[in-house]
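Undergrad: Not my notes, these are from TrEMBL:
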type: TRANSMEM; residues: 31-49; note: transmembrane segment
type: TRANSMEM; residues: 94-111; note: transmembrane segment
type: TRANSMEM; residues: 137-161; note: transmembrane segment
type: TRANSMEM; residues: 173-196; note: transmembrane segment
type: TRANSMEM; residues: 203-221; note: transmembrane segment
type: TRANSMEM; residues: 249-271; note: transmembrane segment
type: TRANSMEM; residues: 306-325; note: transmembrane segment
type: TRANSMEM; residues: 355-376; note: transmembrane segment
type: TRANSMEM; residues: 405-430; note: transmembrane segment
type: TRANSMEM; residues: 436-464; note: transmembrane segment
type: TRANSMEM; residues: 471-492; note: transmembrane segment
type: TRANSMEM; residues: 512-535; note: transmembrane segment
Amino acid sequence: MTITATPARQHAFAGTATMVRLIARRDRIRLPIWITALALATTGTVFNFQDTYPTAQDRAAAVILTDMPAMVGMVGRNYSAGEYTYGVMLGHQMFVFTAVAFGIMSILTVIRHTRAEEEAGRAELVRANVLGRHSQLAATMIVVVLANLLAGILTAAGVLATGLESITASGSFLYGLALALVGTVFGGAAAVAAQVTEHTRGASGLAFLALGGAYATRAVGDMGDNFLSWASPLYWGQAARPFASDQRWWPLILAVALAAALTVSAFFLSTRRDVGAGLRRPKLGAETASPTLLSSLGLAVRLHRAAAIAWIGALTVFGLVYGTLLSGAEEMFDRISTLTEMLRDIPGATLVDSWVSMIVSFLAMIASLYAVMAVSRLRSEELTGRAEPLLSTAVSRTRWMGSHLVVAFTASAAATVLAAAGLGIGGAYVTNDSEFALRVIAAGFVYVPAVWVAVGFAAALYGLAPALTSAAWALPAYSIIVIYMGQIFGFPEAMSNYSPFGHVPALPGAEMNWLPVLILLALTAVLTTAGLIGFRRRDLQSK
């Protein structure tokens with residue numbers, strides 16, 4: 001008689017604890033940076049509010065700007081019927097933006113440890129061992145929940161540590177918890193998106209589409225002052241009214257319920273597909289490639305197209321919204337003396353021109369984030385092995401890398417100029433000054449060389465030290481923190497000299513100076529050339 005041993009059947013969550021430790025180890029640098037940055041940015045914002053609006057009259061004057069339809073669409077409605085305290089100001093003006101940042105952290109973390117692992121083939125190898133079917137997703141969601149809770153706790157602690165009378169312990173805890181729960185909701189949305197498509201970029205696109213849709217839904221609902229706002233998770237945190245006299249906790253139950261429903265749905269959907277596959281089958285391609293794909297530049301354009309359009313469109317709309325706020329800017333400047341003092345750094349410039357210059361600079365810094373992301377695509381293509389087959393043909397290394405850099409230079413310049421154009425057109429519309437748009441567009445062009453330095457810096461790192469390519473993010477991050485938020489943290493002005501944006505003439509208020517612009521262009525050329533030469537001389541790498 002022969003007895004056949006049947007292997008023990010492992011449960012679906014076997015090895016979850018091990019996966020949690022693995023994910024925590026892989027993200028031991030990434031997540032702490034996210035968590036610390038979120039907490040510090042929020043705490044710094046409170047100090048900025050205190051410096052900019054020192055009196056109750058100043059805070060009441062700020063309501064003039066925030067009650068404008070465009071501003072309501074950006075940050076939401078003022079939910080406090082009483083005094084506009086620092087706490088209410090934080091919950092009103094900063095919750096939506098901070099919640100979006102929490103959502104981005106969650107989306108990137110979930111996609112990185114689910115769909116990206118399957119696309120790279122590592123998930124199948126790990127699951128072949130003693131790992132249950134749901135362990136990887138469960139571990140990822142556990143890490144995301146813990147990261148959001150920790151970020152929320154540190155944010156609440158930082159806000160409470162400011163010691164302001166209106167920043168109460170209950171309000172701080174409610175604010176931090178609301179951020180954590182909303183962030184977890186979008187982590188659940190990313191988990192569902194990871195089951196739908198078999199490609200990392202497709203899953204990321206769906207998740208960010210959900211985040212953008214939530215923002216747009218809240219904006220439309222708030223501007224119309226109707227019930228539509230409740231369809232967006234981003235509204236639920238403000239609906240809790242942190243720091244107001246009538247705080248309420250029950251809206252957060254909606255976030256808990258939706259996060260749980262999305263997570264359960266992701267687990268269910270994962271059982272309806274194979275490892276590495278998605279629920280949505282990819283369409284069959286054409287028998288012959290499009291003529292545009294027969295060149296390295298055409299392929300680069302196709303690869304970057306979706307992200308470039310999204311960034312350019314978002315920055316243009318953002319600039320347009322900011323432009324429409326100019327109709328109430330002068331009245332706000334007249335009432336808030338501290339804000340007037342902050343904008344008098346440019347000799348001979350009007351307050352409006354100084355404010356516009358600051359906004360154009362900020363939009364250019366955001367465009368530099370896209371510039372670094374576009375160049376980082378080179379590293380991704382190389383590590384995943386997609387670059388090697390192309391480079392084994394007649395396509396040279398310089399041509400391949402140069403094609404991606406051409407797209408990065410062009411798209412980042414378009415994002416900068418069109419964002420400035422949106423700002424100028426919006427301002428010209430509300431001020432009836434047609435020449436205003438031309439002056440702001442000119443300012444956008446002047447900031448392009450600074451954005452291009454970010455492209456060159458990322459290209460140099462990729463070509464010479466590919467393992468350090470991600471360090472290119474430090475340049476736009478440093479610029480935003482030191483230049484745009486420098487007055488919040490009290491950094492010395494000399495620190496701005498280490499950023500390319502600190503050398504750009506502050507148009508439209510300042511006089512044009514071509515020397516720093518030409519130097520930035522020369523620096524871009526040197527960095528880009530160094531990157532191209534370095535890439536030609538080194539070996540290809542892969543995961």
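Cβ atoms here come from the backbone N, Cα and C positions, even for glycine.
Note that the coordinates shown come from a computational prediction; the quantities given were computed from them, not determined experimentally.
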Undergrad: For the transmembrane segment (137-161), I need the partner stretch with the highest count of C-beta pairs below 8 angstroms, choosing only from 31-49, 94-111, 306-325, 405-430, 436-464.
TA: 31-49
Undergrad: Hey, which bits of the same chain come close to the transmembrane segment (436-464), Cβ under 8 Å, at least six residues off its ends?
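TA: Sequence-distant neighbours of the transmembrane segment (436-464): 323, 356-357, 360-361, 363-364, 367-368, 371-372, 374-376, 378-379, 401, 405, 408-409, 412-413, 416-421, 423-425, 427-428, 471-472, 475-476, 500-501, 503-505, 507-508, 512, 517, 520-521, 523-528, 530-536, 538.
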Undergrad: If we skip the immediate neighbours and take only residues 6+ beyond the ends of the transmembrane segment (203-221), which ones have a Cβ under 8 Å from one of its Cβ atoms?
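TA: For the transmembrane segment (203-221), the list is 72-74, 76, 96, 100, 103-104, 107-108, 110-111, 114-115, 186, 189-190, 193-194, 196-197, 227-235, 306, 310.
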Undergrad: Near the transmembrane segment (405-430), which residues from the same chain, at least 6 beyond its ends, have a CB less than 8 A from one of its CBs?
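TA: Residues 70, 297, 300-301, 304, 308, 311-312, 315-327, 356, 359-360, 363-364, 366-368, 370-371, 374-375, 436-441, 443-445, 447-448, 451-452, 454-455, 459, 528 contact the transmembrane segment (405-430) from elsewhere in the chain.
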